[in-house]
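What TrEMBL says about this protein:
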type	residues	note
REPEAT	111-145	repeat 'PPR'
REPEAT	181-215	repeat 'PPR'
REPEAT	317-351	repeat 'PPR'
REPEAT	352-386	repeat 'PPR'
REPEAT	462-496	repeat 'PPR'
REPEAT	566-600	repeat 'PPR'
DOMAIN	781-873	domain 'DYW'
């Protein structure tokens with residue numbers, strides 16, 4: 001029907017051919033075409049082909065192509081020029097006409113070529129879905145695809161990405177006998193990699209290798225697949241195997257693929273070997289290789305070596321400059337980065353969005369949020385428009401300094417210029433949303449962060465979306481919400497697998513809540529799902545979780561079974577022993593640490609001073625403090641001085657503590673005076689306590705803990721008017737005392753109690769059991785410490801007040817629901833009072849359970865009438 005309609009159109013247009021041939025003064029393009037064609041018809045038909053081919057090539061409009069099509073139909077020459085007509089229609093963006101012609105032709109090599117041309121055009125224009133539609137139409141017409149067709153179609157599957165479509169095309173490849181064609185198989189490897197199916201890509205490569213059809217493109221494809229999937233270890237290992245294959249010679253693409261993997265691993269030795277290889281093979285002159293080498297050295301923190309590569313490059317493009325700017329920024333050498341900025345301007349090299357983003361990202365990663373915002377303002381003044389990477393870096397900078405206002409401004413800009421556009425890449429939109437969730441969470445606006453999280457459809461969330469929300473909850477005291485969200489992530493039907501950071505955030509939440517049971521479940525999940533390549537990071541988190549959840553022995557088992565350890569591993573175990581009051585064990589760990597070649601640093605000494613303070617090892621702590629500078633060249637900082645004041649204050653050595661405060665090379669801050677005030681509370685030193693409190697007031701400290709400590713000091717001295725004055729001062733200043741809260745793990749979850757709490761369904765049984773316990777321990781010598789009741793009432797009423805403390809209620813509930821012999825784990829948000837501590841010591845004599853209590857300062861293990869703290873708490 002198409003040909004007949006064209007013929008009728010031609011008949012109407014050509015009723016007077018003489019008029020067309022004689023038109024003046026300038027014949028149109030269509031008239032010239034018909035004139036030349038008519039002349040060709042008058043000659044021998046053997047000469048028609050070259051002339052018509054020339055005419056089709058000279059067509060400069062769709063109308064001219066249609067006219068020639070009409071003439072070919074009239075003259076009966078249509079079948080001889082179909083492929084050229086297809087090309088002519090494609091040239092003038094009329095693929096539908098080309099397809100109409102192809103659908104009426106008998107399959108042949110030339111017809112397959114035309115289909116390939118149309119498919120390649122759609123792929124080049126980014127119409128990947130059209131590519132698959134054309135391929136399906138081609139198969140329905142029984143037109144057999146060839147070894148050129150499949151690479152185009154497989155590339156479209158990878159760009160979508162569509163694993164399902166790619167696997168279907170793979171099946172067609174196998175049934176048509178192209179599964180041994182190196183070009184098609186290389187395309188399959190690349191397709192599987194782009195679809196994120198690295199195992200299938202590797203299996204395809206191994207099959208090629210077994211058949212002996214691998215070429216340099218095959219090796220480059222699989223190495224690139226591992227590099228792009230951030231599996232740097234396998235990328236480097238495969239490249240090493242490729243280097244040992246005498247038939248394969250790595251080229252520029254090979255180096256550009258593997259060098260980023262070396263950078264990710266920090267494998268500077270491999271990188272330097274590749275640098276030498278590039279020099280030997282003459283590949284270093286290529287600007288892409290030079291850029292990749294610079295990036296690798298920068299990631300390996302060998303910035304000087306990166307600079308040498310940069311200086312030695314004869315040809316530099318903007319990517320070369322950006323690589324150096326990024327390297328300097330990530331190394332925290334911002335003066336050099338900004339210096340390159342200026343040099344680029346001097347040499348009139350355009351500062352593109354990558355250049356600006358590199359500096360902004362460098363500042364953000366180092367926690368210099370204000371500087372990052374300053375560079376953003378310069379960028380906008382220069383007329384450069386931020387992209388998605390820029391915005392994510394700016395949001396990270398805002399998060400690092402809790403700049404909520406600037407974060408909201410960035411959010412507004414993202415809404416106006418980036419988000420919610422139909423043409424946007426959904427992946428880039430999600431990057432910005434993830435950055436916004438992270439920013440709001442770190443600025444303590446977790447409600448807004450959760451709204452952002454919930455606005456993303458569950459099917460659209462990636463592992464980063466889950467991680468930033470879980471991490472936001474865990475880092476800002478909402479650990480219950482963190483664990484609840486982590487549980488949702490692992491629910492059946494949710495295929496999202498947590499990564500290392502997700503799991504570590506969940507372990508952090510467990511550590512905060514002392515949720516030992518949940519922590520053990522996560523540990524089991526890690527073992528089942530084989531996270532071997534990143535175990536060091538998670539094992540360090542496991543040590544921290546077990547230590548803070550009351551099971552220091554499990555923490556030691558994790559430590560002893562580690563294949564590799566770093567300084568964080570040793571420090572985490574030291575901290576755990578310190579929290580539990582095992583000072584001697586901590587000193588043994590320090591000796592083992594030194595024997596393993598690790599040198600104590602400032603953090604190690606901070607932990608050691610904490611250990612000594614909570615273990616009563618005063619003289620040992622003083623020796624550690626003195627040896628910091630003399631033996632290890634570590635300069636004591638503010639936190640070290642605060643630990644020393646705490647150590648001396650707990651021991652009642654107030655003269656030495658005050659002398660140390662006055663000799664500090666920096667001004668004492670609130671943390672130092674609170675440490676001194678805490679020591680005064682332990683030993684009832686009213687005069688020095690008042691002095692420390694006065695210093696805190698001068699500093700403008702509004703911490704409820706300092707007011708509570710001073711109130712306790714006055715209450716112990718029975719100075720009730722001063723107690724009332726402190727409470728009035730708190731009310732006037734708007735400082736509210738945090739309510740005491742304790743929680744305990746039961747068989748059906750965690751139960752939480754406040755002072756005098758009667759909200760629990762079993763409260764009658766709890767109070768009855770607690771009353772019985774108090775009567776029994778009174779019979780064996782327990783006397784309530786009524787000075788812990790900070791009210792001016794008689795001793796009997798004080799005893800009633802002490803009876804209802806949250807930790808006592810939690811213990812009674814724990815005994816009710818626990819099996820004899822199983823430890824009872826209790827956590828309190830404040831420091832345990834001395835009356836409850838004394839009561840727990842007595843109760844441990846009459847029950848079969850060990851009581852493990854974690855307060856805001858340390859752990860207490862009560863067993864058989866003694867506590868692990870030995871009075872140092």
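Here the Cβ of each residue, glycine as well, is placed from N, Cα and C on the backbone.
Automatic, uncurated: that is what TrEMBL annotation is.
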Could you tell me what the rest of the chain brings near the repeat 'PPR' (566-600), counting residues at least six beyond its ends with Cβ under 8 Å?
536, 539-540, 543-544, 546-548, 552, 555-556, 559, 607-608, 610-612, 614-617, 620, 632, 634, 854, 858-859, 861, 868-870, 872
Need one number: mean pLDDT over the repeat 'PPR' (352-386).
88
Quick check on the repeat 'PPR' (317-351): DSSP residue counts for helix, strand, coil, in that order please.
26 helix, 0 strand, 9 coil
List the helix, strand and coil residue totals of the repeat 'PPR' (566-600) as derived from DSSP.
26 helix, 0 strand, 9 coil
